[in-house]
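Q: Here it is: the structure, laid out below.
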Amino acid sequence: MNEDQYMNLALSLAQSAAHQTSPNPPVGAVVVKDGRILGMGAHLKAGEAHAEVNALAQAGDESKDADIYVTLEPCAHFGKTPPCADLIIEKGIRRVFIAAVDPNPLVGGKGIEKLQAAGIEVKTGICEQKATELLTPFFHFIQTKRPYVTIKTAVTADGKTAAHTGHSRWITSEAAREDVHLLRSRHDAILTGIGTVLLDNPLLTSRLPQGGKNPIRILLDTHLRVPLDFHIIQNKEAKTIIFCAADAQTKKQRALEDEGVTVIRLPYMAIDAVLDELGKMNIMTLFVEAGAEMNASFLDIGAFNRLVMYMAPKLIGGKSAPSSFGGLGGSSMDEALDLAFISMDRIGPDLKIVMEKR
Ligand SMILES: Nc1c(/N=C/[C@H](O)[C@H](O)[C@H](O)COP(=O)(O)O)[nH]c(=O)[nH]c1=O
Ligand SMILES: Nc1c(N[C@@H]2O[C@H](COP(=O)(O)O)[C@@H](O)[C@H]2O)[nH]c(=O)[nH]c1=O
Ligand SMILES: [Zn+2]
């Protein structure tokens, strides 16, 4: 195998645990000597061993004079775990191959410096594009202290998210809806608005045949209008946090808190303020599954990173049927927000289109 193949193996290890390392990045590592793989590992949980530690533990004493392939620059600081750069030096590794450099101000470049100072040969940029894609949410979170935001919308081919009556179940197929649940399980939190809750009474859990983590439910409900008997309050399979305005009823807040709900009052209900709060809670990835008005408030300030659109080959029509983004909207196409198409896949009879904001 060549450098790229070993790095691709490390990347697939990182990818396999990508949804469980938050707020740490997903990282994979492979230890190789004379064409033989001596150890491989991924970072599995924040606060636990880093990928390099797991791979070097497997390689044991044979690590001396071996090569290590790691998808992110080895850390050089004491976080919850000791620095990987020191361990790599201690184990007598000969060469270190790195995919992406860590933008974390604590780490960036320091790991490489330490390794080179110890006479270890370091080569960076192997499969860098793939590694950077996988690390995008983490890099965004580290640099902005806000979650990486994915908006999901399900539309008919004429762009509607419901009939003009509000009826919407279902637009997309079982298969597409299961894919949504997979996405939910890959996110730390899922956000919706009181409009969607009053219309759909959603559970917002990830109900997958193979199981999966339930994201924390985030509800923006300015005046605490959510009925106490709704699923988002009564269902205890996931935590629910409600953001409301400073003048919301304290009686209702107490009743919600008695149900185990966390209520956070904001001086002003704005997406920026919510994202800052979620960043402070170490929520690295946020999934927005809401209605046109909520989506429009994210669009107005460009506060999202990715848009996942599920499109069904159906036409419903209706001049007042809702679409994915409401609000006032831009007044000329020059004001349109430019995205880029990242992928387009078929899921059952539907399309899954992923776009990213540049
Ligand atoms: N109407 C459709 C969707 N509608 C999604 C709604 O916004 C709402 O989040 C869901 O109904 C949530 O329900 P629960 O969490 O499963 O209880 N989403 C989809 O992907 N396809 C559709 O056809
Ligand atoms: N997960 C990971 C790294 N993560 C780096 O270390 C920071 C977390 O440190 P700690 O709190 O000790 O877990 C994280 O913000 C990122 O900069 N580094 C690595 O060498 N290998 C790993 O597998
Ligand atoms: Zn480390």
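In case you wondered, yes, glycine gets a Cβ from its N, Cα and C as well.
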Q: Based on TrEMBL, name the residue from Glu73, Glu90, Glu289, Glu293 that is recorded for the same substrate site as Ser168, Arg184, Leu204, Arg207.
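A: As annotated by TrEMBL, Ser168, Arg184, Leu204, Arg207 share the substrate site with Glu289, chosen from Glu73, Glu90, Glu289, Glu293.
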Q: Going through the binding-site residues Ala154, Leu204, Arg207, Met294 in sequence order, which have a CB under 6 Å from an atom of ligand 2?
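A: Among Ala154, Leu204, Arg207, Met294, near ligand 2: none.
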Q: Pull out the binding-site residues from the set His50, Cys75, Thr196, Ala296 whose C-alpha sits within 10 Å of the C-alpha of Glu289 (substrate binding site).
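A: The binding-site residues passing the 10 Å Cα test are Thr196.
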Q: Would you mind pulling the DSSP three-state label for Arg184 (substrate binding site)?
A: helix
Q: At its widest, how many Å does the recorded substrate site span between Cα atoms of Ser168, Arg184, Leu204, Arg207, Glu289?
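A: Looking at Ser168, Arg184, Leu204, Arg207, Glu289 as a set, their Cα atoms extend up to 19 Å apart.
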Q: For the binding-site residues listed here, Cys75, Cys84, Ala154, Leu204, Met294, which shows the highest count of neighbouring CB atoms within 10 A?
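A: Max Cβ neighbours within 10 Å, all protein chains included: Cys84.
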Q: So which binding-site residues out of His50, Ala292, Ala296 are up against ligand 3, CB under 6 A?
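A: By the Cβ criterion, which requires under 6 Å to ligand 3, the hits are His50.
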Q: Three-state secondary structure of Thr222 (NADP(+) binding site) from DSSP?
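A: Where Thr222 (NADP(+) binding site) sits, the three-state DSSP reduction gives coil.
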